[in-house]
């Protein structure tokens, strides 16, 4: 377990998650976003830095709805392959908060985290006066801390992922990044950013800076036009990335460390960001530009087509990013982890999962079972996400809150004060009802195939048990991730071997009948999706090394 000092630092940090959470607060203060940024600059000044100091970090600033984290991970790994010392600030974390601040791809050590945390905390305590709140909220505090860590540790560059939005995000106090990127846009955080892709595009375009090159991937025409206008308004040269196929022409195909078709556009964006950074910093080895075809698409110039260098190839191949199209093979169990939580990312996740299943070897001697483990939080629409997951044909759907253990007082990294237990369990029951409802729609196209309800059978939220592979999948709700994993794995995961399960875990009929099915199965395929925090909790239990 991490040291006490580190746990104390994280607990203190968690008190900065205001009770209704950072999001609520952003909503309230959003009236005047300019004040938001000025407040952030004031915190920066109180912490002993000026905005100009951030220019020394040679920042690559990235926003987008989907794929911004993966794009950052590719970019960081490419530049690290050149022997550069990299800083990388991202959110949220999956297992430990230190993951948000990385140096050379590794989360900073608990010792370093503790040192910089208290140094900043005390500095802000000392400089408070009557007019200002002494401590910034959680995300802002970590953003300030990241800037301090990167400057002190003398990184050659920092890849900075926007928290939410762009224009008013607290990372946007950066004045002179080297280059900016916008990954794929879609609908998320609607209550904060607006409910159309165009409104969201306007927010994201807020990170554009005068004279600083920016790159984006091919988007639907609406948001692309908004980004184009925003760039013109700011005098920012915005380019459209050619596809990965275009960059592969005349060379061997590029191997990516992250699975899934949708990672190809993230990789194409990362290559442009790295290439542009290397050129602007006058570093050698940026890659030869092939005769640039100054094409225009939607009135946007195309970024240069160049031959990816061996360093770039190596970086793309070595990229790792937890909880995004991640596969863990464990004996009869295969865990598929993907933090998708918007309709388009869940669609991409479903494509990835089904492709992965097609490509596997079929086991001989016993049935295969497919299990969904799902949760959704915030203002996301669970019914829409669950509907998209239906084609995967799961035998069981399992729902649980994003809590690793029912009483997770022991671990500060996983604390979230923004919700209470009854709220989250009610949501899980709602998710289960949505799922059962979708299943019934699927199951009874006509009266003849509808299963007849047993007279006097249970009509509660807990479904009557079905044998697997009938028209309706069985569904279950557990009170925490640990119980859900215990039921799914039935002690058959060689790494995840928890103490004996609590008494009531198998008393429910579906749990009971399912337990024997899972016990006998030759292969169990588990897709974990709907929430990054759910994936984080699952990783914490399945990969204990991540918590060390």
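A Cβ is built for glycine as well, from the same backbone N, Cα and C atoms used for every other residue.
Any TrEMBL annotation is an automated prediction that lacks curation.
Positions annotated as Mg(2+) binding site by TrEMBL: 91, 161, 189. Among the features that TrEMBL reports, ATP binding site is placed at 324, 338.
Feature annotations (TrEMBL) mapped to structure.
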| residue | record | CB count, 10 Å |
| --- | --- | --- |
| 91 | Mg(2+) binding site | 19 |
| 161 | Mg(2+) binding site | 25 |
| 324 | ATP binding site | 26 |
| 338 | ATP binding site | 25 |
At the level of the C-alpha atoms, what whole-angstrom distance separates residue 324 (ATP binding site) and residue 91 (Mg(2+) binding site)?
-> 13
In whole Å, how far is residue 91 (Mg(2+) binding site) from residue 338 (ATP binding site) when you measure between their Cα atoms?
-> 15
